[in-house]
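K.L.:
Have a look at this one before I ask anything.
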Amino acid sequence: MFQTLYSYFWWERLWLPANLTWADLEDRDGRVYAKASDLYITLPLAFLFLVVRHLFETYVATPLAGLLNVKEKVRLKATPNAVLEKFYAATTKHPKQADVEMLSKKSGCTVRQVERWFRRRRNQDRPSLLKKFREASWRFTFYLIAFIAGMAVIVDKPWFYDLREVWKGYPIQSMLPSQYWYYMIELSFYWSLLFSIASDVKRKDFKEQIIHHVATIILISFSWFANYIRAGTLIMALHDSSDYLLESAKMFNYAGWRNTCNNIFIVFAAVFIITRLVILPFWIMHCTVVYPLDLYPAFFGYYFFNFMMVVLQSLHIFWAYLIIRMAQKFITGKVVEDERSDREETDNSEEEEEVVKNGPLSNGHPVLNNNHHKTD
């Protein structure tokens with residue numbers, strides 16, 4: 001049965017145009033072609049990335065955070081309470097008013113004390129500023145290096161300037177060593193992101209991030225199997241061109257460099273919109289949808305590849321909406337937060353009780369309101 005499934009999975013009509021077989025892509029006469037077995041190395045490389053990331057965050061990102069004066073907020077801890085903790089862990093972190101009143105009776109706390117306890121308990125579970133900075137530093141470093149390496153791989157190739165060259169001679173296109181390593185490193189990195197997503201900073205687009213990572217892994221893998229390598233390298237470099245800008249903006253945001261963060265974010269927004277909403281759909285996707293049909297009839301691989309491109313493009317539109325909303329707030333000078341972030345909560349009830357006597361409070365101490373807020 002396994003052998004039957006294996007045969008169906010690698011049926012040539014799924015992966016290659018008509019009248020072509022896997023035998024046509026066997027290495028010969030000094031020409032080397034992509035093979036599915038090449039991708040086995042990406043799994044151990046993904047775990048190596050996780051090790052390198054840990055070392056980087058410990059010995060590079062953490063000292064850098066100290067140099068940039070990344071300061072943690074002092075969080076008030078929720079007092080131990082078995083009744084409230086059991087409800088928090090087993091039922092919900094956001095109890096309704098009826099639940100709050102019920103818990104108030106069971107725990108012997110007032111309604112305000114129960115509400116305050118849940119706010120503080122949720123804050124305890126939120127990632128620290130240092131964790132966010134370390135994660136952004138790691139991604140910034142990878143995306144910047146990957147973008148530079150990607151451009152070095154494709155900038156001297158004829159298909160970088162003429163997209164019709166992407167399909168010249170397809171699929172009999174020999175693979176270059178630079179293309180091999182570019183693919184292996186990119187795919188390994190996205191595997192590592194998928195493996196670490198449960199422990200990484202969770203934002204409101206958590207589900208979209210999972211879809212993005214899975215779609216990217218499938219797209220990179222399929223483009224390798226079907227020898228869509230020229231198109232694949234263009235797509236990967238295009239994506240890396242804006243990601244490092246976003247991560248650098250986050251780093252300066254966590255460090256409190258508000259103006260630098262805002263300026264970088266505006267540049268990021270412009271690059272993201274140009275690359276993801278203009279170049280990708282009107283140049284790259286036009287190249288993958290229209291040009292191949294001049295050479296061979298559409299086959300399953302053609303439809304599948306372009307379907308995954310549509311999935312990614314849909315995510316880009318979703319993120320562009322969030323980015324444009326944030327950019328508008330930056331331009332108008334409003335205090336903004338990452339639209340995807342889970343906001344940290346304050347003890348509003350305590351502040352309301354004390355503000356009349358002492359003015360605004362920060363961790364129980366009066367402070368001046370200077371309108372400077374550190375946000376994600």
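For all residues, glycine too, the Cβ spot is worked out from N, Cα and C.
Features from TrEMBL:
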- 39-56: transmembrane segment (TRANSMEM)
- 67-128: domain 'Homeobox' (DOMAIN)
- 69-129: DNA-binding region (DNA_BIND)
- 131-332: domain 'TLC' (DOMAIN)
- 140-160: transmembrane segment (TRANSMEM)
- 210-229: transmembrane segment (TRANSMEM)
- 264-284: transmembrane segment (TRANSMEM)
- 304-324: transmembrane segment (TRANSMEM)
- 338-376: region 'Disordered' (REGION)
- 344-354: compositional bias 'Acidic residues' (COMPBIAS)
K.L.:
Pop the mean pLDDT for the domain 'TLC' (131-332) in here, whole number is fine.
P.N.:
91
K.L.:
Any residues 6+ beyond the ends of the transmembrane segment (39-56) with a Cβ under 8 Å from its own?
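P.N.:
Beyond its ends, the transmembrane segment (39-56) has Cβ neighbours at 137-138, 141, 184-185, 187-189, 191-192, 195-196, 221, 224.
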K.L.:
DSSP helix, strand and coil counts for the domain 'Homeobox' (67-128)?
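P.N.:
So the domain 'Homeobox' (67-128) is made up of 36 helix, 0 strand, 26 coil.
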